[in-house]
Amino acid sequence: MQVPQLLVLFGSQTGTAQDEAERLGREARRRRLGCRVQALDSYSVANLIREPLVIFVCATTGQGDPPDNMKNFWRFIFRKSLPSSSLCQMDFAVLGLGDSSYAKFNFVAKKLHRRLLQLGGSALLPPCLGDDQHELGPDAAIDPWVGDLWEKIMVMYPVPLDIPEIPHGVPLPSKFIFQFLQEVPSIGAEELNIASSAPQTPPSELQPFLAPVITNQRVTGPQHFQDVRLIEFDITDSNISFAAGDVVFILPSNSEAHTQQFCQVLCLDPNQFFTLKPREPGVPDPPGLPQPCTVWNLVSQYLDIASVPRRSFFELLACLSQHALEREKLLELSSARGQEELWEYCSRPRRTILEVLCDFPHTAGAIPPDYLLDLIPRIRPRAFSIASSLLAHPRRLQILVAVVKYQTRLKEPRHGLCSSWLASLNPGQAGPVRVPLWVRPGSLVFPKTPDTPIIMVGAGTGVAPFRAAIQERVAHGQTGNFLFFGCRQRDQDFYWQTEWQKLEQKGWLTLVTAFSREQEQKVYVQHRLRELGPLVWELLDGQGAYFYLAGNAKYLPTDVSEALMSIFQEEGRLSTADASAYLARLQQTLRFQTETWA
């Protein structure tokens, strides 16, 4: 009797869906099922017709969009040419992760579940809809659903009786074995870095470009609550090209102080070199990690010790702990009944992995190095809208960065890893300051026809991609650029004020501003749109304008859509149903595009 084979495929934007997928993989191995865990876009989707048992774990991003690492799969699975019997041999389940404060809550999971049924798949259970807004987080829905799922799988796909389960509390074998080198290898610092300063091909996540920082300038006033930076990189000889609307991905590093503290708490020699040996055949090396590598480089450039740990972190840490009191507490925090306490201890105050390890020093000091890559996730790249055009700034790339800093009940303020790291970089210091980065196409696409007007609505740092678009269109001689820009105060966070005003004086730009804190009643961009309803309607309906929106995903898309609906009804004399259909047509024809973030 063969061991049943399970495939777990995930689409993850922030790491939560990947974490849940890895957790399912560990539970499968405990039950002695054969199991593979892969990102959807790294899996050869043509093989799906031969898979008997698949669990899909997928997040919903933005306004109902699939994560970046499942977009190719998403396009393929919705091909109209796929036969309705394509997946008739597959049993499947879909676990979704979303946020019920957004209109399209778990849209990706729901739509994928329906599509798999259309293609002949058999659903083991209704889809699980994890909700970030629940007081206990997604686990409130996931835990009971996963329990039912394993019951069903083990009945339908029984394991041979002579193969016992691995009990909880016993750690599974690590994915890799750390082989520490006795002699220091003769390699340079460049080879130890995850990125290159002289790429042969366009840079990518696996081979970023080390871009020198040219300028790092604060662009908010001294009294403004937030530090916002305009940062410029030199991309000479990088093979990087980009257009307005594209996105740059940046791979941050942990601070020297945190890296040193981590090595001390775990009793690691930061200067020790190592290579990795997979424990099982066919396991690929960790992506983007050079070998041989030093412990210092692993911790500073790869392990996300500044992230807030998930429940699975506590589960594995409890298995590894040899200290009775600490182990008992870790077991409690990782149990189903301990989720409220875990929320209060970790999620609510945004306590980091490093801080948790400091709270459990006996356990941390005895963690076998082999488990570091199982225990701690990889640092994830952060995406930024490119805020400049190569036509205006050749061989340069600019971004606008809001530095994340906030206070919780913990004594130390919370800092965003990437934004704080970028803000700390000083291009004036001795030697070049370099940042690993690469570029990908963004979600915004601008019209090439010279006489097509564009309406851009940008709130705060959401204006960044529109600066790139305006620079590009001006270089091509395209007029008809209408920018609705919203910020708090004219003298504190009016980004590129002088630049916009010069373009307006020359006839290249029509600028409409909304300063929300300069009067008693707050004024936002949606109010300015309503005030200029006749102009907006004439541009959209009379001149075929494209409409763009960028900013925070929580309220802005809904507020702006409601303003547009009002304009369509008042200026276009459309009924509510016709106005809704008009807005839908704009979206379908890419004449209404959004780039939003949570």
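Note that Cβ sites are derived from N, Cα and C of the backbone, with glycine treated the same way.
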Taking Swiss-Prot at its word that Thr461, Ser516, Arg517, Lys522, Val523, Tyr524, Val525, Gln526 bind NADP(+), choose the one of Asp491, Asp559, Asp578 listed for that site.
Asp559
Residue distribution over DSSP helix, strand and coil in the domain 'Flavodoxin-like' (6-150):
58 helix, 35 strand, 52 coil
Is Arg517 (NADP(+) binding site) helix, strand or coil when read with DSSP?
coil
Taking just the CA atoms, what is the gap between Thr461 (NADP(+) binding site) and Ser385 (FAD binding site) in Å?
9
Would you measure the largest Cα separation among Arg350, Arg382, Ala383, Phe384, Ser385, Gly416, Leu417, Cys418, Ser419, Trp597 for the FAD site and round it to whole Å?
26
Can you count the other CB atoms that lie within 10 A of the CB of Ala383 (FAD binding site)?
17
Looking at the binding-site residues Ser12, Ala59, Gly62, Ser419, which has the shortest Cα distance to Val525 (NADP(+) binding site)?
Gly62
